[in-house]
Amino acid sequence: MSFLRPSALYRFLLTLPSFRWMPYQTLAFLRWPSLDGFMNLLVLVLLWSMLVEVRFIPSSSMYPTLRVGDRIIAEKVSYYFKSCAVDDIVLFKAPESLQDIGFRKEDVFIKRIVAKAGDLVEIEHGLLYINGIPRYEDFIAEQPTYKLSATYVPRNHVYVLGDNRNNSCDSHVWGPLPIRNIVGRYVMYGRPSNS
């Protein structure tokens, strides 16, 4: 008997079709990615950066919905296909009225849309009125302590307020937000493990 010949068990395993095509037989899965694999990864990263944005919450203006330090994911493409909706939480660049008081054009804020173009917004007796109808909101930190006289939302604008109404620099301070300033729509959040 020769020790150089393959054994019968070895020949049986090689001829068995299910073992012959297993990836561990060729070890090809351990090779470095090819140029095609690198290009696919590059395209994926570029698409991700164009469609999605990850941010963190620096202030308590959206408390209790979002807390300081929360990481959020915002998608940037849905408003190319549909219009803004009431109760959407949006990210937006500083409007001109905020730039006039010292904010940069690149500064990004996050607030909730409460009214769209053509609506009449008013805050009285701690309630938000849209077109004269009170909105009962269970997601705000507390009822607003300020009063806002009736404000008309012009065309191509929305009215945004923070969920922490008494601690938020929002449309009740600087007026309606131009839709062109909206960067994206809030999708989900993640809370750091130490909070």
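One-based numbering along the chain as shown.
Each residue, glycine too, has its Cβ placed from N, Cα and C.
As annotated by TrEMBL, active site applies to Ser61 (among others). Cβ neighbour count for Ser61 (active site) (all protein chains, 10 Å cutoff from its Cβ): 22.
If you look up TrEMBL, you'll see Lys111 (among others) marked as active site. For Lys111 (active site), applying a Cβ distance below 8 Å and a minimum sequence separation of six or more within one chain yields Ser61, Met62, Ile89, Val90, Phe92, Val160, Leu161, Gly162, Ser168, Asp170, Ser171, Leu177.
The helix, strand and coil residue counts that DSSP assigns across the domain 'Peptidase S26' (38-187) are 32 helix, 53 strand, 65 coil. For 38-187, the entry in TrEMBL reads domain 'Peptidase S26'.
In the predicted model, the domain 'Peptidase S26' (38-187) has a mean pLDDT of 91.
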